[in-house]
């Protein structure tokens with residue numbers, strides 16, 4: 001079995017390589033990237049793999065591909081993969097809302113994988129983290145509305161975002177490469193471009209993708225996405241309004257049993273999710289669970305969650321889909 | 001006229017001194033602090049002022065005092081001030097909810113100053129910033145409910161908080177003095193201690209103090225307070241639900257005219273509030289104003305605001321109250 005990582009030298013591509021290695025995934029690996037990275041060598045399961053330049057013929061001998069390139073480039077190489085009947089798990093947002101393309105979080109809607117026509121989309125990172133955190137609660141209480149404010153790490157903007165924070169933490173006058181403004185000791189309430197409603201692309205994703213993943217076209221999401229000076233792991237402050245009345249104790253028990261979640265909820269003893277703690281592992285930490293005292297109907301709950309957006313928010317989720325595909 | 005700053009060497013006390021100086025406030029100044037700071041010298045309007053140790057007799061020759069000490073200490077010295085009929089503007093939370101003590105944001109409820117019995121309380125920093133941002137909108141649309149997630153700067157935890165971020169930005173292994181965990185490249189979803197509902201002291205303040213300042217006992221607030229690795233200026237992601245239907249264009253015009261606010265709302269051109277921009281000035285920047293698409297009634301609006309929590313969130317607000325008192 002031959003598996004290609006397309007965009008193998010970027011932050012997500014590199015994490016895909018590491019996830020496959022950790023899981024000791026039995027395959028021949030092909031690493032594809034731009035001409036600039038051609039010839040770079042990475043190790044996979046004890047063997048050297050040389051990065052090849054992505055071109056029309058890259059997929060001739062490939063069975064499955066993990067996509068980790070930007071939308072424009074993804075749209076360019078996808079026909080090359082499809083011509084060769086390669087089954088692709090793609091991390092870009094280019095095809096996520098296409099009705100012919102399943103959008104999958106394996107803990108939530110693994111059954112959708114079987115509906116694929118050669119392409120499965122990996123959801124947005126902040127969406128994966130929120131939906132994993134909320135999935136058990138959604139089953140029990142039926143979530144109608146999500147109000148979310150994010151605290152998103154710089155590595156969400158790739159290797160350049162990490163470099164900006166490194167540089168500016170030492171010298172704030174060093175100009176940003178990945179961001180419009182200084183990010184060290186600052187925050188930027190913009191991720192992606194804005195539409196005429198004043199909503200950013202990133203802010204639309206949780207509603208649009210959440211509806212598709214949960215098969216609930218009535219889901220309503222109010223989202224504010226903010227970049228913060230943290231290297232890795234996104235955090236989210238979330239209020240949910242539900243059809244059923246909520247119970248805090250029960251909600252904590254549900255989260256503790258939800259696949260992919262760890263309950264970290266003993267605030268009096270300093271136990272709550274923090275991005276440092278969720279960095280470089282695959283689970284979503286959930287805590288600060290409490291009744292929303294501003295909703296007198298008792299149908300609203302507040303939670304705080306953190307997850308590694310390069311792992312579970314991107315690479316790990318894609319590899320989990322691949323594992324299910326291969327099975 | 002003799003004015004004392006109690007707690008003159010702390011972050012807020014020092015800012016009070018600077019605010020008085022900037023406004024060229026005509027008075028004799030007395031700087032009071034603990035024994036540790038006795039003898040330190042600061043300049044005020046060209047004259048040296050020597051820090052004195054706070055004791056029972058400190059207020060014998062004082063007309064007005066600005067309080068910038070923690071609750072416990074404030075409760076100790078307040079009777080000494082009152083015995084001498086000193087009028088105090090106090091920044092601690094010790095007396096804020098006392099029905100005999102006006103709680104004042106001069107742009108919002110200056111008329112409450114006249115109701116004082118020798119003590120006026122300065123509200124919580126995050127509350128001041130939010131209420132200044134929302135005051136015009138509240139007048140027009142009558143806010144029923146606020147859902148707020150904060151991004152609070154380390155200087156809110158005083159000089160030690162600043163030091164922690166400085167140290168850990170260079171070497172994350174240096175232990176925190178002000179915080180329970182590493183704050184550089186991390187966030188901590190705890191400000192103050194928690195009650196049995198899982199709500200922190202800081203998270204209660206916006207509802208309790210907001211009701212008093214706006215004279216609206218029905219105001220409902222859902223608040224999540226988070227410490228972020230930013231030196232100065234708190235940011236807040238806020239959704240408001242109103243009695244009236246909201247209009248984005250009108251809301252922007254209202255904010256632009258609201259006293260104490262600056263409208264920074266042209267996100268397509270990268271114009272939105274950021275904490276770096278609001279640092280070391282007295283206005284609250286408001287932007288990202290948009291309809292809450294998750295409330296189909298059209299009564300909800302989203303805003304993002306930033307303000308310098310040591311200035312407008314504490315020292316400046318207290319000095320503005322003092323100015324009105326003296327008039």
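Even glycines carry a Cβ here, placed using N, Cα and C.
Residues or ranges marked as active site, acyl-thioester intermediate by TrEMBL: B:125. What TrEMBL lists as active site, proton acceptor is B:234. Residues or ranges marked as NADP(+) binding site in TrEMBL: B:9, B:10, B:11, B:12, B:36, B:37, B:155, B:156, B:309. Residues or ranges marked as phosphate binding site in TrEMBL: B:96. Among the features that TrEMBL reports, substrate binding site is placed at B:152, B:227. What TrEMBL records for B:2-116 is domain 'Semialdehyde dehydrogenase NAD-binding'.
Distance noted between the C-alpha atoms of residue B:11 (NADP(+) binding site) and the residue listed as 'phosphate binding site' is 20 Å. Only B:309, of the binding-site residues B:9, B:36, B:96, B:309, have a C-alpha within 10 angstroms of the C-alpha of residue B:152 (substrate binding site). In this model, the domain 'Semialdehyde dehydrogenase NAD-binding' (B:2-116) carries an average pLDDT of 97. When the recorded positions B:9, B:36, B:96, B:155, B:234 are ranked by how far their Cα is from the Cα of residue B:125 (active site, acyl-thioester intermediate), B:234 comes first. The Cβ of residue B:309 (NADP(+) binding site) lies under 8 Å from the Cβ of B:125, B:126, B:128, B:129, B:152, B:153, B:155, B:156, B:232, B:233, B:234, each of these being in the same chain and 6 or more residues away along the sequence. DSSP labels the residues of the domain 'Semialdehyde dehydrogenase NAD-binding' (B:2-116) in these numbers: 34 helix, 30 strand, 51 coil.
In this structure, B:11 is the one among the recorded positions B:11, B:125 with the smallest number of other Cβ atoms inside 10 Å of its Cβ. For the NADP(+) site, whose annotated binding residues are B:9, B:10, B:11, B:12, B:36, B:37, B:155, B:156, B:309, the maximal Cα to Cα separation is 26 Å. Of the recorded residues, the residue listed as 'phosphate binding site' and residue B:36 (NADP(+) binding site) place their C-alpha atoms 28 Å from one another. Counting every protein chain shown, the Cβ of the residue listed as 'active site, proton acceptor' has 30 other Cβ atoms within 10 Å. Here the binding-site residues are B:9, B:152, B:155, and the one whose Cβ sees the fewest other Cβ atoms within 10 Å is B:9. Under the three-state DSSP scheme, residue B:309 (NADP(+) binding site) falls in the coil class. Take the CB of residue B:36 (NADP(+) binding site) and look out to 10 A: across all protein chains shown you find 10 other CB atoms. Across the structure, residue B:227 (substrate binding site) and residue B:9 (NADP(+) binding site) place their CA atoms 23 angstrom apart. Considering other CB atoms within 10 Å as the measure, the emptiest surroundings among the binding-site residues B:96, B:227 are those of B:96. Under the three-state DSSP scheme, residue B:227 (substrate binding site) falls in the strand class.
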